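Features reported for this protein in Swiss-Prot:
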type	residues	note
BINDING	26-27, Lys78, 129-131, 180-181, Met269, 285-286, 314-317	NADP(+) binding site
BINDING	Gly181, Gly183, Cys186, Arg189	K(+) binding site
ACT_SITE	Cys186	active site, thioimidate intermediate
ACT_SITE	Thr188	active site, proton donor/acceptor
BINDING	Asp219, Gly220, Gly221, Gly242, Gly243, Gly268, Met269, Ser270, Arg286, Ala287, Ser288, Glu289, Gly290	GMP binding site
Amino acid sequence: MPRIDADLKLDFKDVLLRPKRSSLKSRAEVDLERTFTFRNSKQTYSGIPIIVANMDTVGTFEMAAVMSQHSMFTAIHKHYSLDDWKLFATNHPECLQNVAVSSGSGQNDLEKMTSILEAVPQVKFICLDVANGYSEHFVEFVKLVRAKFPEHTIMAGNVVTGEMVEELILSGADIIKVGVGPGSVCTTRTKTGVGYPQLSAVIECADSAHGLKGHIISDGGCTCPGDVAKAFGAGADFVMLGGMFSGHTECAGEVFERNGRKLKLFYGMSSDTAMNKHAGGVAEYRASEGKTVEVPYKGDVENTILDILGGLRSTCTYVGAAKLKELSRRATFIRVTQQHNTVFS
């Protein structure tokens with residue numbers, strides 16, 4: 001019999017953070033770096049825990065080179081060849097601590113990932129990425145990768161509920177990607193009717209992960225620096241961004257003009273565009289679950305990085321958190337009916 005869960009679930013747009021008394025004199029005093037030791041790999045990582053999504057428009061080597069300068073992380077998309085990786089490792093050895101190799105859950109994916117990790121042993125992060133992290137096959141794949149790479153830190157997802165977070169952590173994953181359908185170019189919710197409001201998903205999944213000394217990534221749903229702050233406030237250890245990093249010089253694809261405006265393409269990894277490019281088209285048994293959009297060309301990503309980090313520091317000063325680590329402890333969310341004044345939007 002169908003069941004209705006009557007508990008209210010909230011998204012970033014449904015809340016604001018309540019300001020609190022603060023002893024901080026300036027945003028400059030806020031420390032955004034975090035240090036994590038991961039449950040299964042036992043590896044330690046230090047940096048600003050914002051990750052560029054492993055989408056082939058934004059998760060590029062060019063993006064990783066800039067992100068690394070800010071101690072930020074990039075999940076490199078899975079469509080680079082072994083030779084591409086070797087060239088990147090030769091030209092940018094300083095970036096290799098701040099990138100992950102991405103893989104699907106197929107045999108070909110595993111073989112390609114293995115060859116990359118053997119050729120570039122400095123890379124210690126693996127991102128196992130499937131649209132539906134609830135399949136038994138994926139859980140078994142995580143166990144297989146953990147057995148094969150016992151000292152690599154494994155990110156795995158995507159899921160949105162605590163019981164699956166726990167299962168993936170106990171199967172060998174260190175960091176669980178949380179989010180089904182919130183992305184700016186994702187249409188899973190409209191095509192399938194499946195999803196979970198991102199703020200509630202993060203709060204619930206963080207609680208489950210932290211109880212096992214695991215970690216989570218809030219993946220998708222951020223439209224502005226304030227949403228990034230809300231994700232951290234909700235308990236996310238890392239926040240993964242795709243759309244907010246789209247349209248920059250460091251993104252894949254050419255700049256083109258339409259009606260006098262400079263634009264770049266940005267598309268979901270389950271879109272017609274991505275499947276035509278990488279899988280020879282959309283298989284007849286499935287539907288596209290992503291969209292392709294033309295986004296304004298924004299120039300170098302440096303300004304966007306500074307805007308996000310500046311907003312995050314400002315959030316911390318408003319709630320009295322001297323470190324990003326303290327933000328979730330200082331966060332009180334209030335439900336609202338309006339986010340901001342829209343007169344000049």
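Placed from the backbone N, Cα and C atoms, the Cβ positions cover glycine too.
Location within the structure of each feature annotated in Swiss-Prot.
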residue : record               : contacts (Cβ under 8 Å, 6+ apart)
Lys78   : NADP(+) binding site : Asn54, Val101, Ser102, Ser103, Gly104, Asp109, Lys112, Met113, Asp129
Val180  : NADP(+) binding site : Ala131, Asn132, Asn158, Val159, Val160, Thr188, Arg189, Val194, Gly195, Tyr196, Ala201
Gly181  : K(+) binding site    : Thr188, Arg189, Val194, Gly195, Tyr196, Gly220
Gly183  : K(+) binding site    : Asp219, Gly220, Gly221, Gly242, Gly243, Gly268
Cys186  : K(+) binding site    : Gly220, Gly268, Ser270, Glu289, Gly290, Lys291
Met269  : NADP(+) binding site : Met55, Asp56, Gly290
Thr317  : NADP(+) binding site : Ser22, Leu24, Ser26, Arg27, Glu29, Val30
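Of all the recorded positions listed here (Ser26, Thr188, Thr315), the one with the fewest other CB atoms within 10 A of its own CB is Ser26.
Within 8 A of the CB centroid of the K(+) site residues Gly181, Gly183, Cys186, Arg189, the other residues of that chain are Gly179, Val180, Pro182, Thr187, Thr188, Gly195, Gly220, Glu289. DSSP assigns Gly183 (K(+) binding site) to coil in the three-state reduction, outside any helix or strand. Cβ neighbour count for Asp219 (GMP binding site) (all protein chains, 10 Å cutoff from its Cβ): 32. The Cβ of Gly221 (GMP binding site) has 27 neighbouring Cβ atoms from other residues within 10 Å, across all protein chains displayed. The Cβ of Val130 (NADP(+) binding site) lies under 8 Å from the Cβ of Gly104, Ser105, Phe138, Gly157, Asn158, each of which sits 6+ residues away along the same chain.
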